[in-house]
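First the structure, which I've put down as structure tokens, then a few questions once you've had a look.
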Amino acid sequence: MHLWAFSFNIIALAIMETQYPPGNKGISKIMLTSLFVDEWNIFSIPMISIFVEHSLRFGTPMLGLVTGATVGGASIGSILGGYMVDRFGRRKLFLSNLILFLVSAILSAFSINLTMLVIFRFLAGIPAGADIANVYSYIMETEKPGHREVTGAYNTLMASMAILGLNGSVVILLISGLKATAIWKISILIQIIPVLILLLSYKKIPESDIWKVGNKTATYIDFFRELRHNKVQWRTSLYSWCCGIASGIEVGTFAFFIPYIILKFGISGEINDRFIIIGIYSVGIPAGYLGPKILPKIGLRKLSYSGFALSFAGLVIAGLALLFNLYIILPVSMIVFVWGNHWNNQPITTSQALVADPDLRGKAVGISNFVYQLPSFLSISIFPIMFSVIGMGYSTLVVAIASFAGIVITLAVFREIFGYHNDATSDSESVQS
């Protein structure tokens, strides 16, 4: 019921005639919906890869390329978006991203060969990466300390809603008897609906007051120079980068290929297998919802290492299950992994955006997301080749090393920053008054 209420609230906000005032929760809901579109783009091909592979007829090595194209675009988009959101403003970049989402979805659906699809999915990744810097800048500059951390941590809930939306659409299309080509094309085009709703909301979203009075000429060099003089920002950035790599490897390998693994092993038939996939990813809803809710009590640090511990356990169990043909316990291990990956991912970008100086916030988030997306892109490309050489079981156990590294890094580097506030809050209040 909560998710249905959230969806109706977004539509109601989109058709309001008044502009949202700074600090209004409506802005955060719009930004979270934008994250939903980002995740739909990122996860669309992984969720429908079996249909794309059947339709365009390519082998396992090429699976990594077409799956990773969007993430590769997101890597580039993160750097570009980080610069543009600080230079030209949050509002302008929001509109630019929506237009690119719309165009790339249509072009992807009209792809007639693998080359075209890879190019257009790469294009779709650019706004998906650029939007992260914009979304987190808006959230950090419109919500108060103690609340903005919670809102920022809902990123994985949006990812789960996108994944379930994709798989639910596939089930309906399968039951309708559509062929593989129609299924993957329609699945990509569905994202146009939330994009149009966001376009209706655009004129009601104000520019950030903090950005208006800030330094718009700061560079990435300024960002790295600033880190040398701020211990909190340095520790948090180092944590965000290193654990971003660890979580990115998890997502780029096992998380992306869960549907592929289930469908390839054919546990229960095509439609039933899709319900198993939905069941596994459904765990992301309570994980994505409860993580932010318990943040005020346990903090970002504990959420991070708890998540990595769960994902490590899930990967080890899954790897052993694949090695010893214990496929019956695969769904359980995948559920544990999905929960853990949601929790370890929630503090990464949120922490980076939280401690960043307002003038450099877009660039800070852009760098953090780039460091997260690039290993994802590389691991997506390499993982299919790796499991074709050493097998799925051993490949999964190798990925578990990243989860273990995430535990160590969080405990050794990260310090609790929940409730942290710099000049962002005071600036916002003085500007509004």
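Note that Cβ sites are derived from N, Cα and C of the backbone, with glycine treated the same way.
So TrEMBL has the following annotated:
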| type | residues | note |
| --- | --- | --- |
| DOMAIN | 27-418 | domain 'Major facilitator superfamily (MFS) profile' |
| TRANSMEM | 58-81 | transmembrane segment |
| TRANSMEM | 93-112 | transmembrane segment |
| TRANSMEM | 118-140 | transmembrane segment |
| TRANSMEM | 152-176 | transmembrane segment |
| TRANSMEM | 182-202 | transmembrane segment |
| TRANSMEM | 238-263 | transmembrane segment |
| TRANSMEM | 275-295 | transmembrane segment |
| TRANSMEM | 307-330 | transmembrane segment |
| TRANSMEM | 370-390 | transmembrane segment |
| TRANSMEM | 397-418 | transmembrane segment |
Residues sitting near the transmembrane segment (93-112): Cβ under 8 Å, six or more positions beyond its termini, same chain?
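Same-chain contacts beyond the ends: 34, 37, 41, 81, 84-85, 120-121, 123-124, 126-128, 130-131, 133-134, 138, 185-186, 188-189, 191-192, 195-196, 198-199, 202, 205.
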Can you work out which residues elsewhere in the same chain, 6+ from the ends of the transmembrane segment (118-140), have a Cβ less than 8 Å from its Cβ atoms?
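Residues packing against the transmembrane segment (118-140) from afar: 27-28, 31-32, 34-35, 37-38, 41-42, 45, 65-66, 69-82, 84-85, 90, 93-94, 96-98, 100-101, 103-105, 107-108, 111, 148, 151-152, 208, 211, 349-350, 353-354, 356, 361-363, 365-366, 369-370, 373, 424.
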Which of 182-202, 238-263, 275-295, 397-418 has the most Cβ pairs closer than 8 Å to the transmembrane segment (58-81)?
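That would be 238-263.
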Please report, as numbers and ranges, the same-chain residues at least 6 past the borders of the transmembrane segment (152-176) whose CB is under 8 Å from any CB of it.
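Same-chain contacts beyond the flanks: 3, 32-33, 35-40, 42-44, 47-48, 51, 136, 139-140, 182-183, 186-187, 190, 259, 270-271, 274-275, 277-278, 281-282, 284-285, 287-289, 291-292, 295, 303, 341-343, 345-347, 349-350, 353-354.
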Sort out the residues at least 6 away from either end of the transmembrane segment (238-263), same chain, that have Cβ-Cβ distances under 8 Å to it, and list them.
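For the transmembrane segment (238-263), the far contacts come to 43, 46-47, 49-50, 63, 67-68, 71, 167, 270, 273-274, 276-277, 280-281, 304, 308, 311, 315, 318, 330-331, 334, 337-338, 341, 344-345, 348-349, 351-352, 367-369, 371-380, 383-384, 392, 395-396, 399, 402-403, 405-406, 409-410, 413-414.
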